[in-house]
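Residues or ranges marked as transmembrane segment by TrEMBL: A:16-34, A:54-72, A:79-96, A:102-125, A:132-149, A:169-189, A:218-238, A:250-267, A:274-296, A:302-322.
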Amino acid sequence: MAILTALAHRLVKQKLIWPLLAIAALFLFNLIVIPEFYRMEWKDGHLYGNLIDILKNGSPLIIIAIGMTLVIAKEGIDISVGSVLAISGALAVMLLDSYPLWAVIGAGLTVGLLCGLWNGMLVALLGIQPMVATLILLTIGRGIAQLITGGQVLTTSDEAFQFIGKGHLLGLPFPIFIALGVFLLTYLFKTRTAFGLFLEAAGGNKTASAYAGIRPKVIFMTAYAITGVCAGIAGIIISSNVASADANNAGLWIELDAILAVVIGGTSMRGGRFYLGGTIAGTLFIQALTTSIYSLGVEPSSILLVKAIVVIIVCLIQSDVFRQSFILSKKKVAQR
Amino acid sequence: MNRKKPLFVMALSLIMTAALLAGCGNSGNGGNGGNGSNTGGNASNAPQETSEPSSAPSEEPADKKLVVGFAQIGAESGWRDAETDSIKETFGNDPAFELKFSDAQQKQENQIKAIRTFIAQKVDAIGLAPVVESGWETVLKEAKDAGIPVFLLDRGITKGNEDLYVSFIGSDFILEGQNAAKWMIDEFGQDAEVNIVQLEGTVGASAANDRKKGFEDAIANLPGYKIVYSQTGDFTRAKGKEVMEAYLKKDKNIQVVYAHNDDMALGAIQAIEEAGLKPGTDIKIIGVDGIKAAFEAIAAGKMNVTVECNPLLGPQLKQAILDYKAGKTLDKWIKSEEDVYFGQKAIDALPNRKY
């Protein structure tokens, strides 16, 4: 018994446990209310079902949220990712008419990198507040994307390009592999290079880390650049999935979902320690919630309300103070 | 204590940003809609054209020419660009007219400035596509006092101000919904059992509300026609696809998808294809707007019908001005000429589609 309690206490301290619990609760609810939610089929050589859709449609958000985790870890924020995504998608679809696929993908990623470096320059070199600095690109980014598309929704019929968002590998949608690749690369970058340690240190205490010989400016620039590239990748996936680029609507509000995913995942907005696994879990929770809402057939006018209530519950459960005020009333629990 | 402050500031600025963005979104799809595919939300005001409202074409001695001032909203979508082109073409190619065109870049203050300039230039008629519904009383009163007739295009102004303009020229979204239902009933017959999925536009947009109302009213008395699922797809392809994907996992017994705009219909088509069904054959697809991509989908046999929402209002505006000058009484609401395109008719029309 004592071992079990100790185990429970250790689990509670794991940041990852909360988003995972939230997903489990949501899936349990679905199991009771909409059992057909879990139906899986093997169709045309690939898996087909809601769970696959959650992974597929969540992939762009996962990639964006990974980048967002890095900038939030340094007590920054990047609210321009949705606009950068729109630029990258628009550019890719526009160039597709006259350039080979590799050049198109390269252009999409490069424009993401440039946007990231621009944000990084404003924040790290010029010392502008991250929220304000990235607000600039949030606003003008959509304008740039509209310039590229000429105000139209650009369509493409290029099969190879559509494979990125719609194709299948080993029976699974291809975007899942891209998201997995981005996650693994970032994870290795965090654990196997000094960057991860430096980022946590610089995010935790900029002055102290500067005295310790870390150059926070370089670290911050790198974090924003990675976020920009992530947004570029997501832009290509999204435009490829619907075979079109919509400057006005592609990735609209995705920055808010990404920030939410990071926070649900246990990374503090105040910087310092960051949890990539938690971010993934948080993203999957948000996407699972969206798919469940569609599957459940919630009235269009109350979708946002339902989402808000669920998110509030999840955030409350995550709050140490809130939990302890509950537990304390029953039994005294050792402080963290 | 010190640690708490940044979080608070951040939270506050987050909320403010969200509020700011939400505000932009509303202004986009408020008013009398006009354009289905424009869901608003373009946070940037897209300063694509730099022309100032006051920099209208140089003044010429307009001896017999009818001078028309047109205050356009901006260039936020392909639909609006098509409307602008239609007006410029109609009046530009007619030697009896001279057009003074102003692009307000989504700002009401620019439109008001433009109208004041038109009044000062003593134009013969003013065309206005109001960016929002309210706040036009003063400036339109000035135009009325100057004896200049005002025509509203594609969006209306607040009710109760009908004496301030001559006519409103624009689409009837309810009629568009009815036309969509009419095609479906003709296709399946009165007594058929038809399960329908409806992809609604942005919640609260008048184009979405009215297209829903017109369609649902038209099938209200037909017990075989059931809307089994109705969900918003925000007028976008990506959302239309996602919503359709989720519903197809639950139930594939659908005969019709009715989407409030063509973009959502095109998204739904992809979801249906990925589910291993044939859009256009297994499930009939109905869209609204009449964008070029929809005509291409009809030609490819993947879509069945698109109900036009016509942006080419130039000729009707010209006719209205001529009628007014000739002393005829005009309808308060001149409904834009709109058609329903399907089958061969759509394929024939494809080469001539402008937007």
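Cβ coordinates are placed from backbone N, Cα and C, and glycine is handled just like the others.
Note that the structure is a prediction, hence the values are computed from the model and not measured.
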Query: Taking A:16-34, A:102-125, A:169-189, A:218-238 as candidates, which has the most Cβ pairs under 8 Å with the transmembrane segment (A:79-96)?
result: A:218-238
Query: Is the count of Cβ pairs under 8 Å between the transmembrane segment (A:302-322) and the transmembrane segment (A:132-149), pairs 6 or more apart in sequence, 3 or more?
result: no
- line: Spatial neighbours of the transmembrane segment (A:218-238) not adjacent in sequence (6+ beyond its ends, CB under 8 Å) are 59-61, 63-64, 66-68, 70-71, 73-74, 76, 78, 80-82, 84-90, 92, 105, 108-121, 123-125, 164-165, 175, 178, 182, 186, 195, 198-199, 202, 250-251, 254
- prompt: Of the listed stretches A:16-34, A:54-72, A:102-125, A:132-149, A:169-189, which one has the most C-beta pairs under 8 A with the transmembrane segment (A:250-267)?
  reply: A:54-72
Task: Quick one: find which recorded stretch in A:16-34, A:54-72, A:102-125, A:132-149, A:274-296 has the most Cβ pairs under 8 Å with the transmembrane segment (A:169-189).
output: A:54-72
- prompt: So which residues does the transmembrane segment (A:54-72) touch in its own chain, when a touch means Cβ under 8 Å and the partner is 6 or more beyond its ends?
  reply: 78, 81, 85, 130, 172-173, 175-176, 178-179, 182-183, 186, 199, 223-224, 226-231, 233-234, 237-238, 251, 254-255, 257-259, 261-262, 265, 267-269, 271, 274-276, 279-280, 282-284, 286-288, 290-291
- line: Of the listed stretches A:102-125, A:132-149, A:274-296, the one with the highest count of C-beta pairs below 8 angstroms to the transmembrane segment (A:16-34) is A:274-296
